[in-house]
Amino acid sequence: MVLCAQTKRCRQEAPPVKARMPLAANETCQAVLGLRQRRALRLASSPASTASAPRSSEWFWAPLILVTFLSFATRFYRLREPPHVCWDETHFGKMGSYYINRTFFFDVHPPLGKMLIGLAGYLSGYNGTFPFQKPGDKYEEHSYIGMRGFCAFLGSCLIPFSYLTVLELSKSLPAAMLTAAILIFDTGCITLSQYILLDPILMFFIMGAVFSMVKYNSFANRAFSAPWWFWLCLTGINLAGAMGVKFVGLFVVLLVGLNTVYDLWELLGDLSLSLVTLGKHFFARVLCLIMLPLALYTAQFAVHFAVLNRSGPGDGFFSSGFQSRLIGNNLHNVSVPEYLAYGSVVTMKNLRMAGGYLHSHWHLYPEGVGARQQQVTAYLHKDLNNLWIIKKYNLNTDYADSSFPVEFVKHGDVIRLEHKETSRNLHSHQHEAPLTRKHLQVTGYGINGSGDSNDFWRIEVVGRKSGKLIKVLRSQIRLIHLATGCILGSTGKTLPKWGWEQVEVTCTPYQKESPNSLWNVEDHINPRLRNISLDVLKPSFPEILLESHMVMIRGNSGLKPKENEVTSKPWHWPINYQGLRFSGVNETDYRVYLLGNPVIWWLNLITVGLYLIMAMFLSVAIKRGAHLTAERKELSQVLLRGGGLIMLGWLLHYLPFFMMGRVLYFHHYFPAMLFSSMLTGITWDVLLKFCAGLLSASTQVYNCGIVLLILLSVYRTSGI
């Protein structure tokens with residue numbers, strides 16, 4: 001009571017009178033007023049018209065229950081249909097099976113979404129035996145409904161999250177109901193939530209992060225209280241979840257980061273806060289929004305590597321050291337000599353994704369393809385033709401003779417690699433490579449190890465000094481051709497039938513270090529050296545974590561469309577230009593097509609333009625000192641602060657796709673569509689309130705406008 005009285009007095013009394021107040025009371029007033037001003041500037045806590053705010057718990061719970069019921073009813077309706085594999089269920093259902101069977105695989109996305117799908121399948125009785133070979137395969141007796149139901153559950157939660165977020169930002173029940181209606185009745189959102197896909201899981205964590213961020217912003221006047229800590233920590237947890245499903249979760253991380261920077265900037269301008277308090281605010285956000293998400297994100301990969309401990313189809317994408325961890329891999333529990341020596345028989349694996357083993361065979365390059373010498377390629381499978389003998393460049397010694405001392409290969413040595421099966425040397429010369437222009441051809445040349453100076457290669461270890469030994473599995477090496485200075489590498493291009501459709505190997509004149517030109521020694525045979533277990537050479541957890549991210553990033557950037565698949569461009573998405581075929585290739589099949597409700601999508605697109613016009617008009621009016629009533633000032637704050645936050649979210653989840661080089665699909669727009677739907681609710685609510693304020697029958701105009709927009713969102717949704 002005393003504090004309230006002091007606050008009121010601070011607002012009403014003139015400055016000279018305030019100066020005569022007792023010092024303690026004056027400081028209290030300044031702190032309270034500073035806190036109120038700071039709260040008014042929060043992105044997510046701008047007050048709306050009190051007339052539209054919920055007046056009781058019934059007004060809060062009844063609409064929320066209705067919205068939640070409708071969202072679950074629409075998502076779980078006919079969930080079993082069709083009873084066959086649809087679109088990317090081929091991939092993510094299969095990956096769920098891999099987790100159940102603990103079989104290692106490779107995917108371009110982080111593991112959390114697939115782990116959750118596998119867990120849902122396991123808990124619902126699925127045994128991981130369905131092959132998920134291609135769309136259209138019937139599930140028959142296999143239990144698939146648990147995995148679909150899990151995705152439908154998370155997709156259903158998007159609507160309550162969006163409803164509560166808009167309600168918190170606008171304090172307007174009609175705005176929240178309009179947003180909920182848009183998302184409930186959009187056919188695209190319904191379809192995307194009903195199948196075994198990563199999208200509903202990703203959007204669940206994105207909306208969870210946005211809602212949590214808005215909630216902890218609303219507790220700014222109760223900083224460091226239990227609710228404030230709860231919502232701040234929950235924001236960090238959801239950020240880890242979004243990043244753990246797909247890398248595009250980085251966009252919501254950026255949104256929360258920008259909100260946090262704005263928040264700290266406002267706190268810095270509050271002179272009533274001490275530097276100690278500012279430091280606490282800063283470290284609280286570092287702890288909850290950086291350290292906590294990083295720890296959880298890392299823990300996801302720890303679980304991923306612990307569960308997938310058996311050799312599988314993903315082995316070949318990773319290094320030899322990584323493969324040695326996997327039960328059933330030919331490198332698991334193997335003993336080999338640790339350091340490379342002259343006379344050793346080795347296989348060399350290229351470090352680019354699916355780069356293959358250095359390989360040669362008796363077949364020659366055809367006429368017109370460089371010199372007609374023995375082919376050298378990269379082969380993706382284990383084979384005797386992958387074996388090479390390391391020899392000194394100027395000697396042809398019998399290294400099996402025990403009278404010669406063992407000599408280890410060192411960084412910077414000049415060596416000769418002799419193909420074990422054909423006794424020809426690895427060779428390069430001034431002939432163009434078969435497929436890659438400006439690269440030099442690599443061949444097998446010579447007889448029984450005798451050749452010429454074009455067979456000489458300098459071996460270098462990345463990051464090592466001259467004279468250092470070369471370690472099996474761990475050392476990343478380059479082979480530099482002594483005569484031309486080019487570097488041995490695998491281009492990743494597939495040779496024609498004359499090359500048995502193996503991978504092209506060239507000598508590249510470009511000195512840029514890349515996985516294409518890096519190799520490691522995998523198999524190592526030398527009876528004169530003591531064998532050690534590969535367990536001591538296995539990479540550490542930080543190393544395999546880093547390697548998995550490098551492989552995922554390379555894989556993501558190299559994604560190509562499948563045969564006869566419909567791709568799209570980012571400008572197609574907001575206008576609902578074309579969708580995706582999920583199921584059905586003829587008139588007799590159960591047909592599923594991903595496409596949004598055109599009325600809703602065009603309304604959202606128009607609203608983006610409408611918001612920009614309104615925001616610009618209000619910003620200029622406020623800057624010019626236009627007289628606004630208290631209610632209109634509050635509405636302006638809702639539009640500029642709350643709507644601005646949502647608009648920023650839409651931009652961050654949409655514009656980056658214009659700069660991506662990978663293949664893109666219609667479903668990539670749906671996280672941005674969530675933000676545009678929330679923006680529609682806020683923008684039209686504010687616009688109708690402004691319009692209603694200019695007319696005599698204000699309540700009727702406002703209510704009719706909201707009802708009309710909700711009815712428009714229901715229109716053309718009967719096809720679900």
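Heads up, the Cβ atoms here are built off N, Cα and C, so glycines get one too.
The domain 'MIR' annotation in TrEMBL covers 337-393 (among others). Helix, strand and coil counts from DSSP across the domain 'MIR' (337-393) read 3 helix, 28 strand, 26 coil.
Per TrEMBL, the feature domain 'MIR' maps to 406-462 (among others). Mapped onto DSSP helix, strand and coil, the domain 'MIR' (406-462) counts 3 helix, 29 strand, 25 coil.
Sequence annotations record features per position, and here TrEMBL assigns domain 'MIR' to 467-524 (among others).
Residues or ranges marked as transmembrane segment in TrEMBL: 104-125 (among others).
Summarising the annotation, TrEMBL assigns transmembrane segment to 145-166 (among others).
Same-chain residues lying 6 or more positions outside the transmembrane segment (173-195) and placing a CB less than 8 Å from one of its CB atoms are 52-54, 59, 63, 67, 70-71, 74-75, 79, 86-89, 148, 151-152, 154-156, 158-160, 162-164, 166-167, 579, 582, 592-597, 600-601, 603-604, 667, 670, 673-674, 677-678, 680-682, 684-685, 702-703, 706, 709-710, 713-714, 717, 719-720. Annotation source TrEMBL lists transmembrane segment at 173-195 (among others).
Taken from TrEMBL, the feature transmembrane segment applies to 201-217 (among others). Counting only same-chain residues 6+ beyond the ends of the transmembrane segment (201-217), those with a CB under 8 A from a CB of the stretch are 42-45, 112-113, 116-117, 151, 154-155, 157-158, 161-162, 164-165, 168-169, 227-228, 231-232, 234-235, 238-239, 241-242, 244-246, 248-249, 252, 255-256, 259, 263, 645, 649, 653, 670-671, 674.
Residues or ranges marked as transmembrane segment by TrEMBL: 229-262 (among others).
Feature annotation from TrEMBL assigns transmembrane segment to 282-308 (among others).
Residues annotated as transmembrane segment in TrEMBL: 599-618 (among others).
What TrEMBL lists as transmembrane segment is 638-657 (among others).
The transmembrane segment feature in TrEMBL is assigned to 669-688 (among others). Proximity of distant same-chain residues to the transmembrane segment (669-688), defined by a Cβ-Cβ separation under 8 Å and at least 6 residues beyond the stretch ends, is recorded for 52, 158, 162, 165-166, 169-170, 172, 174-179, 182-183, 186, 188-189, 192, 199, 202-203, 206-207, 248, 251-252, 570, 573-574, 596, 600-601, 603-605, 607-608, 610-611, 614, 635, 638-639, 642-643, 646-647, 649-650, 653-654, 657, 701-702, 705-706, 709.
The annotation transmembrane segment is assigned in TrEMBL to 694-715 (among others).
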For the domain 'MIR' (406-462), mean pLDDT (0 to 100): 93
Region pair the transmembrane segment (145-166) / the transmembrane segment (229-262), three or more CB pairs under 8 Å: no
Non-local residues, at least 6 beyond the ends, that sit with Cβ under 8 Å of the transmembrane segment (638-657): 41-44, 46-48, 169-172, 206, 210, 214, 248, 251-252, 254-255, 258-259, 570, 573-574, 608, 611, 614-615, 618-619, 664, 668-669, 671-672, 675-676, 678-679, 682-683, 686
Recorded stretch that, among 104-125, 229-262, 599-618, has the most CB pairs under 8 Å to the transmembrane segment (694-715): 599-618
Same-chain residue ranges lying at least 6 outside the transmembrane segment (229-262) that approach it to Cβ under 8 Å: 43-44, 109-113, 198, 201-202, 204-206, 208-210, 212-213, 215-217, 219, 284-285, 288-290, 292-297, 300, 552-553, 556, 645, 648-649, 652-653, 656, 668, 671
Secondary structure tally of the domain 'MIR' (467-524) (DSSP, helix then strand then coil): 6 helix, 27 strand, 25 coil
